[in-house]
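Positions annotated as compositional bias 'Basic and acidic residues' by TrEMBL: 1-10. Here TrEMBL flags 11-29 as compositional bias 'Low complexity'. The domain 'Major facilitator superfamily (MFS) profile' feature in TrEMBL is assigned to 42-462. Residues or ranges marked as region 'Disordered' in TrEMBL: 1-31. The transmembrane segment feature in TrEMBL is assigned to 40-60, 80-100, 107-126, 168-187, 199-218, 249-273, 293-318, 330-348, 354-376, 436-458.
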Amino acid sequence: MTSDESKDHSSCAAVQSSSDSEPLLDDPSAVSQRSRRQDCITVVILFSVNLLNYMDRFTIAGIPNMIRDYYGIDSKLLGLLQTSFVVSYMSLSPVFGYFGDRWKRKYLIVIGLILWSVVTLASSFVPPNRFWTFLVLRCLVGVGEASYSTLAPTLLTDLFAEDARTQVLGFFYFAVPVGSGLGFVMGSCIAESLNNWAWALRITPALGLLCILALVFFHQDPPRGRADGASHLHTTSWWADIKTLFMNWCYLLVSFGFTGTCFVLGALSWFAVDFIQAAINARTNNPREADKYNVALFFGICTCFAGLLGVVLGSFLGRKLRVFTSVAEPYVCGGGLLLSAPFIYASLLSPYFNFYLCMFFVFVGQLLICLNWALVADMTMSIVIPTRRATANALQMVLSHSLGDAISPLIIGTIADAQAHSDSLEWHYLGMQRSLFLTVFVCIVAGFLLLLSSWYLVPAKERVHFIIDASRLQYVEIVDTITDDEMGVRVASASWEAPNPQGSCAVVVA
């Protein structure tokens with residue numbers, strides 16, 4: 001055996017045994033000189049932007065009747081407002097994902113936030129005879145938000161590792177239910193107090209300006225993979241990234257399971273207030289009866305607290321159950337969705353008889369659904385190497401929105417209009433109820449998909465650890481590929497070039 005071959009074999013042995021021996025580098029946190037205080041400031045800034053993101057997204061959902069009356073539209077066009085927003089949002093996500101793995105993420109987010117703020121403010125001045133202009137502007141709002149939602153989780157993943165990452169992502173995703181709930185509350189309260197729904201869209205752009213300034217002056221991008229000690233990884237082609245992600249079964253199952261979550265939450269958040277109001281009005285045959293209950297305010301409060309408790313409980317269970325099983329996250333996520341199905345079903349039956357009982361079922365159902373929000377992000381980041389995380393997040397957003405909340409409002413609105421055989425209050429209620437039953441079925445399917453991902457989670461994580469360990473050898477180029485050997489065993493490979501002679505090694509990961 002030549003000396004070059006000996007070097008190659010010894011290098012392979014070092015990589016293959018790295019997971020069972022001492023780390024090849026010191027603590028990855030030592031790579032960066034930034035203090036933990038700076039990291040926490042970044043978390044607060046990103047949380048604030050995420051909060052505003054969801055406040056704006058659900059402001060209109062809190063005032064559906066005002067929007068319907070102002071523009072003279074039906075349930076189908078009302079659902080199209082949300083669908084158009086999400087379509088643009090998901091369409092630009094891959095673009096920001098590609099550049100987010102290669103460019104400075106800070107400036108990409110700032111550009112998106114500026115566009116979001118300007119377009120949101122402009123949409124509040126559209127006259128009642130220009131509904132399609134309003135629709136286009138809401139569509140452009142999604143373009144601005146795509147930059148932030150795609151890149152922010154990857155920044156947090158590069159700042160924190162292991163349990164700290166789970167906790168930080170849990171805090172970050174508090175903004176989803178809290179912001180959604182505040183959007184309902186803010187939209188209804190401002191619209192009613194000022195007798196003008198447009199003012200509800202003029203608050204978040206002003207707050208968005210403060211977030212832009214905070215990002216510019218107080219945030220610095222961390223090196224990709226800093227928390228994992230993988231700062232030496234090099235990017236590969238976009239096509240190679242996409243091909244590898246589609247060969248990752250765990251990633252696909254988690255993404256499609258999360259798609260079901262988005263479908264359900266998109267449909268309920270957009271039509272739940274309208275449905276509950278329709279049930280109350282149909283019970284008394286009085287079109288103004290629901291005004292006595294302030295449905296949007298109650299629903300917003302339920303969404304805030306259910307989401308807050310759900311994210312906290314989900315993160316807590318995910319961390320604590322890791323002591324007993326290495327696949328705790330899929331069990332918590334899938335189990336939460338399966339348990340939520342009967343409560344969602346009960347919430348669709350109860351508003352006609354008892355409004356407050358309905359709010360209880362809504363609260364429990366949303367709490368169980370929100371168990372998976374932070375854990376899905378944590379799983380996704382842990383089964384993808386650092387140089388592909390923005391692309392993976394973007395692709396997951398495309399899948400979850402294109403098949404989830406982008407189409408669910410339109411589907412629910414179309415079914416509701418088709419089921420309402422007349423313009424009576426009773427048929428409006430029945431049409432909405434029958435269409436929303438679809439969300440119960442989707443909850444069950446999504447829960448099973450997330451449970452199924454537990455079969456592939458551990459091998460996927462081991463593969464990522466192998467690639468990261470290879471990058472710590474500080475070769476010039478690390479290329480991640482997946483092949484199937486002649487026995488059908490999935491293998492992850494790493495190849496490198498100088499400073500050492502060209503070589504490669506492989507490790508079985510599944």
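If you go along the chain as it appears here, the first residue is 1 and each next one adds 1.
Quick reminder: no glycine exception, Cβ is built from N, Cα and C everywhere.
Listed as Cβ neighbours of the transmembrane segment (80-100) (distance under 8 Å, sequence separation of 6 or more from its ends, same chain) are residues 57, 60-61, 67, 108, 112, 134-136, 138-143, 145-147, 149-151, 154, 238, 266, 270, 390-395, 397-398, 401-402, 405-407, 409-410, 413.
By number of Cβ pairs under 8 Å, the transmembrane segment (199-218) is matched best by 107-126 from the list 40-60, 107-126, 168-187, 293-318, 330-348. In summary, the transmembrane segment (40-60) does not lie against the transmembrane segment (293-318): fewer than three C-beta pairs, each 6 or more positions apart in sequence, are under 8 Å. Spatially, the transmembrane segment (330-348) is not adjacent to the transmembrane segment (168-187); fewer than three Cβ-Cβ distances between them are under 8 Å for residues at least 6 apart in sequence. Within the chain, the transmembrane segment (293-318) has long-range Cβ neighbours (under 8 A, six or more residues past its boundaries) at 62-63, 166-167, 169-170, 173-174, 176-178, 180-185, 187-189, 269, 272-273, 276-277, 280, 328-329, 332-333, 336, 355, 359, 362-375, 378.
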